[in-house]
Amino acid sequence: MHCDVLWHNARLMTLDAGDGGLGSVDDGVVACQDGTIVYAGPAADAPPLQASHVHDCQRRWISPGLIDCHTHLVYAGNRANEFEQRLRGASYAQIAAAGGGIVATVRATRAADDAALLAASLPRLDALLAEGVTTLEIKSGYGLTLEDEIKQLRVARQLATLRQVEVVPTFLGAHAVPPGAQGQTYIDAVCQEMIPAVAAQGLAEAVDVFCEHLAFSPAQAEQVFVAARAHGLQIKIHAEQLSNQHGAALAARYGALSADHIEYLDQAGIDAMANAGTVAVLLPGAFYFTRDTQLPPIPALRAAGVPLALATDCNPGTSPLTSPLLAMNMAATLFRMTVDGCITGFTREAARALGRGNRLGRLRAGMQCDLAIWDIDAPADLVYRMGFNPLHTRVWRGHPC
C-alpha cells in the first residue's frame, strides 16, 4: 500500500478502543494518504506500506489532534482590571454597574474593525495550536447586533485561512441582552433577523443560547431552537451554570449536539441528554476562575452513558484560558476526572460535541489525519503536569505544522 506519510516507532492513543478508553498501542504506526488515515495500529498488523515521507517517532506518543469544542476566542478589549477589582472585593454587580462585565467586551468588540479583531484573536489561537489543537469551535456573542455578530463570525472564518486549523463557527446572538434593549424584543430580532441572515450567508453551523435567570428564559431559548431548526442549523446551549433552568433537557428535546457547563443539572436533564445523545461539555476553567463550588454531576452522567467532553471556554470574563493541557489538569483536580476521561474529553468526545465524531478525534482508517505527537513517558503526563508543554509536532490533515 502506498501512502504520503508514515509515522512509525510510535506509541499510540487511538481513542478507538471498544472499552471507551485510550486504545493504547505500544509499537504503532500511522499511515496517511491525501490527508486521511489509511492505517493506525500495531506495526505487527500493518499491511506493507510504501511512504513518500517517513518519520521515526523514537517512541513518542501520538494522539488525535486536540479539539477545543467551546470557545469565545474572537473578541476585543481586556478585562484584567475587573479581575483586580474582584480581588479587592468588588462584586460582579458593582463592576457591571460601572460599565464593566460583558458590556465592556461588547463595547470593545463593536468598536473594533475586522483587522483589529483579527489581530487581537490570533495570539489566542496560536496559544491553543501550540498545545496541539487542530480543531476548535468559535462562538460569536459579543456583538449583539446583526452587523457585529456577522463581523465576529467572519473573523472566525478568516482565522482558519491564516493557520492550519479547522474552525467551527457557532452563532451565539442569544448571549446577553444588549444595553438599552428589552429581552423579548431582542430575542425576536435574533430569531427573525439574525438567524436567517447568518444561515443565508453560511457563517455558522450551529446556534447557541445562554439559558439562565440573568440571560434568557427556557421559553426564549426554545424560540431560538425553533428558528435554528427552521434554518438548518445545529443546536447547542449554555445550561445550568448558575441555576437549574431545565435548559439541557429542553435542548436535548431538540436534538442538541451539546449542553455546556451544567453544574446544576438534575437527573431529568441527565436522562434527556442520554436519550438524545447530547454531549455534556464540562468547562473547568470557568469553574476555577469564578470559584464555583457546585460540581457538575459527573458520576450520574457517566452512569447514564452521557459522553463527557472538555473545553477551555476561552473568554475574557470567566475563563481567560488558552491551555487545553491546564484545562485537563483542572478537570482532574477539581472534577476528579480520570486521565483517560480528560484525554477523551479533548479528542473523541469533543469531536462528538461538534458533530464531527465520524471523522475527527480518533486514530483509525478513514479519519482525518490530525495528530499531536508528544514527548512524554505516559499519557498521564498530559494531565499531571502544570505549566508544561510536551508537544513535539502538530499534524493537520497529514501535514506537520
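Glycine residues also receive a Cβ, built from the backbone N, Cα and C atoms like all the rest.
Here Swiss-Prot flags H70, H72, H238, D313 as Fe(3+) binding site. Under DSSP, H72 (Fe(3+) binding site) is assigned to coil, being neither helix nor strand in the three-state scheme.
Packing around H238 (Fe(3+) binding site) is summarised by its Cβ count: 31 other Cβ atoms lie within 10 angstroms of its Cβ, all protein chains included. The feature Zn(2+) binding site is assigned by Swiss-Prot to H70, H72, H238, D313, with sequence analysis given as support.
As annotated by Swiss-Prot, 4-imidazolone-5-propanoate binding site applies to R79, Y142, H175, Q241, T318. All protein chains shown were included, and the count of other CB atoms within 10 Å of the CB of T318 (4-imidazolone-5-propanoate binding site) stands at 21. T318 (4-imidazolone-5-propanoate binding site) falls outside any helix or strand according to DSSP and counts as coil.
The Cβ of Y142 (4-imidazolone-5-propanoate binding site) has 31 neighbouring Cβ atoms from other residues within 10 Å, across all protein chains displayed. Here Swiss-Prot flags Y142, N315, G317 as N-formimidoyl-L-glutamate binding site, drawing on sequence analysis.
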Least surrounded among the binding-site residues, given as H70, H72, R79, H175, when other CB atoms within 10 Å are counted: R79
Surrounding CB atoms that lie within 10 Å of the CB of N315 (N-formimidoyl-L-glutamate binding site), all protein chains: 24
Neighbour count (Cβ, 10 Å) for G317 (N-formimidoyl-L-glutamate binding site): 21
Rounded distance in angstrom between the Cα atoms of Y142 (4-imidazolone-5-propanoate binding site) and N315 (N-formimidoyl-L-glutamate binding site): 10
